[in-house]
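Colleague: Structure below; questions to follow.
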Amino acid sequence: MISKKVDTQVVIIGSGPSGYSAAFRCSDLGLNVVLIEQYYSLGGVCLNVGCIPSKYLLHIAKVIKDVKKLSRIGISFEKLDINLKEIQCNQKKIIESFSSGISNLARKRNVRIIFGYAKFLDANSIFVQGEHDSYVVSFNKIVIATGSLSKKLSYIPYDDIRIWNSSFAVSIPSIPKKLLIIGGGIIGLEMATIYSALGSNVDIIDNSHDILPHLDRDVIDIFKRSVNHDYNIFFNSNVIKIVQEKNGLLVHIAENDNKNKRFELYDIILVAIGRVPNTDMLDISKVGLKTDNNGFIKVNEQFCTNIPNIYAIGDVIGQPMLAHKGTHEGHIVAEVISGKKHYFNPFVIPCVSYTEPEIAWVGITENEARKNNINYEVSSVLWNTLGRAVSSQCSEGVTKLIFDKKTNKIIGGCIVGSNAGELLGEISLAIEMGCDAEDLALTIHAHPTLYESINLSAQIFQGTITDLINKKIKK
């Protein structure tokens, strides 16, 4: 079969948030663009098996949890009735709607889409194998935005249909009676939130000493108390062996010191131990692209690799693996390719664990401030002091801000609570714009709201708080 010849200025490999953002911005800047995607549904992991479908399920989980809370105040409903097919159908409609939207945007921008697997021939051409046709695409510049894949463990029998990864789990193939999640990171916690709400008995096993160990323990302790009755988390533990039985998967679990060992039978095991770069099929060694020890492509502040006309963005270049970071990188790399002197230099990148309650953070943590010998001060407001939180049955939360005592500027913040991710934007903007505590304290916030906790935290630092005891007033 003779390959079709295609010549273009810019090629983007991957149609996730990083890839399509780069493609569309390049087109808007007047460049001729070809977008390569291996699957027929555009949007990458985020849209198809990640961010969007999981948030749909997490919304369902939140509603279920909120309904159960109403029994505390005299309102109860009949037994929960879950129509799994209807849930799956609605999820599919959401994905198709957004994927179709991306296709329409590409068409209106004259971005050509080629479906197939790409691999490098040399630094200025790739081979793309589609379902029916193959292509040799020549280009001036290329952007690798192929994303990431679920990391695998060598001792896991992945050929067993009872072993899931997060991409499969988000499709809700079934609701297991007993579910083991290996990995207590954000993905593991979100999956536990979903399946426990739907009725599964969920255990999480993680080999670290605590969940999200880079965050401050005071805020994480509030989260753990809130989910204490939803699922079990076993720290400092590892899965040693999995035995495939007819009636389930027999898991040999041991603590890190190997002193305490036990066997547990599970219906399903979900492996969520992190992600690895999706580069194996690209044949990047042919062009000599440099990677780090974990296989992530090395880039500079303009996302250029060691090959001058080859760029990389998104998950494929490493942590933090966040769609919104990738989108921003897509915009920057397009500006660079078009000849502008743009660089990736954000002060902060917000992060959210979309559990219930949510955990959202940005900037420096207290632990980091201490390690870096920053003269800082913490200012926190517990949500059980917020009228909106108490009246909305979501009082298990906290808003914690970190201020630099020399400049009074806000340098970090963490929120645990319902819709914490939606509240984080003000803190992110405040850090990015160099706001100090007075800026936040003197900005009138609506009452009663959850976001006024940011204002109150700033008032505590300023020593002007009236809604709580002012510990800075000397009598």
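Cβ from N, Cα, C; glycine included.
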Colleague: Check Swiss-Prot: it lists Glu37, Gln38, Tyr39, Tyr40, Ser41, Leu42, Gly43, Gly44, Val45, Cys46, Lys55, Asp315, Ala323 as binding FAD. Then name which of Ala118, Ala254, Ala389 it lists for that same site.
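Modeller: So the FAD site in Swiss-Prot includes Glu37, Gln38, Tyr39, Tyr40, Ser41, Leu42, Gly43, Gly44, Val45, Cys46, Lys55, Asp315, Ala323 plus, from the candidates Ala118, Ala254, Ala389, Ala118.
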Colleague: Given that Swiss-Prot lists Gly183, Gly184, Gly185, Ile186, Ile187, Val239, Ala272, Ile273, Gly274, Arg275 as binding NAD(+), which residue among Asp206, Asp216, Asp218 does it place in the same site?
Modeller: Asp206
Colleague: What is the Cβ neighbour count of Tyr39 (FAD binding site) at a 10 Å cut-off, with all protein chains included?
Modeller: 14
Colleague: FAD site residues Glu37, Gln38, Tyr39, Tyr40, Ser41, Leu42, Gly43, Gly44, Val45, Cys46, Lys55, Ala118, Asp315, Ala323: biggest Cα-Cα distance, Å?
Modeller: 30
Colleague: Does Asp315 (FAD binding site) have same-chain partners at least 6 apart in sequence with Cβ under 8 Å from its own Cβ, and which are they?
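Modeller: Same-chain residues close to Asp315 (FAD binding site) (Cβ under 8 Å, separated by 6 or more) are Gly16, Ser18, Val45, Gly147, Ser148, Arg275, Pro277, Asn278, Met321, Gly326.
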Colleague: Between Ile273 (NAD(+) binding site) and Cys51 (disulfide bond), what is the CA-CA distance rounded to a whole number of Å?
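Modeller: Per the Cα atoms, Ile273 (NAD(+) binding site) and Cys51 (disulfide bond) stand 17 Å apart.
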Colleague: How big is the Cα-to-Cα gap, in Å, between Gly183 (NAD(+) binding site) and Tyr39 (FAD binding site)?
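Modeller: Roughly 28 Å, rounded to the nearest whole number.
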Colleague: Given the binding-site residues Glu37, Ser41, Gly185, Ile187, Val239, find the one whose Cα is closest in space to the Cα of Cys51 (disulfide bond).
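Modeller: Closest recorded candidate to Cys51 (disulfide bond) by Cα: Ile187.
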Colleague: Mind checking which of Lys55, Arg275, His447 has the fewest other CB atoms within 10 A of its CB? They're the recorded positions.
Modeller: His447
